[in-house]
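Right, one structure below, let's go through it.
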Amino acid sequence: MTNAEVTIAVRHEPMRIAGRLVDTDDRVEVRYPWNDTVVGTVPAGRAEHAREAFAIAAAYQPKLTRYERQKILLATAEALAARKEEISDVITLELGISKADSLYEVGRAFDVFTLAGQMCIRDDGEIFSCDLTPHGKARKIFTMREPLTAISAITPFNHPLNMVAHKVAPAIATNNCVVVKPTELTPMTALLLADILYEAGLPPEMLSVVTGWPADIGMEMITNPHVDLVTFTGSVPVGKLIAANAHYKRQVLELGGNDPLIILNDLSDDDLARAADLAVAGATKNSGQRCTAVKRILCQESVADRFVPLVLERAKRLRFGDPMDRSTDLGTVIHEKAAALFEERVMRAAEEGADILYHPGRSGALLPPIVVDRVPHQSDLVLEETFGPIIPIVRVPDDDDATITLSNSTAFGLSSGVCTNDYRRMQKYIAGLKVGTVNIWEVPGYRIEMSPFGGIKDSGNGYKEGVIEAMKSFTNVKTFSLPWP
């Protein structure tokens, strides 16, 4: 047993409803995936708890100035940086990712709050002169943005801090009230973030965090009459359930992906080594539990025999094990059931003709970086969203049209990465790939926290996340005009 395991203290957290601590007799256990021990409990909240939170949000009229919003957001960012060890411990304990990955997540959340703080003092209202045509008048038309009644934010397990930050920070920046329902698997980080925001000066009525089982509280998060917008990050089935039940409410749905990294045949040996670095890092960071993780590597046939050994070499270097050990590169996935499912997909791919090149063995939720070559492109391993540190290589023809067709042949359309030095081929793939983002010489998921991000097809409903796009989605545009002699 490690020292980290010996010193774990179980956290019993209440909900935060407009700053008030609310508990229930029934509790939801939060387990450490590394050893399946209970590391915390949260209330098994019910619909009435969400209903109360939305009623408070709807009744409150935020009056924060842009300066005050910026001050709160930047103070939150600084608190995240100052408390990064404590916060990353909570993330690792409830999610199982390595300390290196959880510290990186805290850094990303710092970026979100910093950028939201910078953007909230910027006024993007527009002015239109009306004397532009023979039918014009001596007037000017102006636009301004106003907050919504209440925002419902439903967040996934794989980024317990950053996904909450991406919904809460833009809401604060636009003077909105938001109710957050984190997944029951990793709820404790969201509760800690709420406390940090209250301490930074956020009026408590502007933020509530409710917890509980989806069957008990989920539908209220979607259908409550005070909710103007539902923002959700998570699985495709749940996203479609929200779309079917939210009806006329606005929805920002960021769903799954099976993002490709595409390796083209114009690469030198040095280029292939660089591409292998991207492939392995993109497939295994955060234990592969990212919607934008590299979930299939499409390698053109004529360079595959040179590329695959480079991937194998890098995968074998990864240290996997105790997430709290500072030397660990790769921690666990969310639970043993998920690890077993992804391992089963690997074995099924092998039955379909794939070659398992590296699989040092699974232990509970600890799934190692498994390298699989010659995966059939119709295998579930690469057709479905395999949310773990699997490194599947699909050999594709030395033909760009055929490669693009294969890349587009799944139900998802989130993002992709392409490794090529040919500018004309870059343009062809940017135009031809049916995804929300194309990154050249970078992993599919690369972005900064304020750039537009989102998918098409089953990966989302076309609305974008990122601080700037979220601030637009979280507001109504009011148009008014004045005489202007």
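Cβ atoms are placed via backbone N, Cα and C, with glycine included.
Site annotation for NAD(+) in Swiss-Prot covers T155, P156, F157, K181, P182, T183, E184, E385, and the matching candidate from S102, S235, S415, S416 is S235. For the substrate site, Swiss-Prot gives R108, R290, C291, T292, R447; the one candidate out of H49, H159, H226 that the record lists there too is H159. Listed in sequence order, T155, P160, V164, T189, A190, L191, V209, T211 are the same-chain residues six or more apart from P182 (NAD(+) binding site) with CB atoms under 8 A from its CB. Among the listed binding-site residues, namely R108, H159, R290, R447, the Cβ with the most fellow Cβ atoms inside 10 Å is that of H159. Least packed by the Cβ count within 10 Å, out of the recorded positions T155, E184, C291, is E184. Under the DSSP three-state reduction, R290 (substrate binding site) is assigned to coil, being neither helix nor strand.
Of all the Cβ atoms in the protein chains shown, 22 others lie within 10 Å of the Cβ of F157 (NAD(+) binding site).
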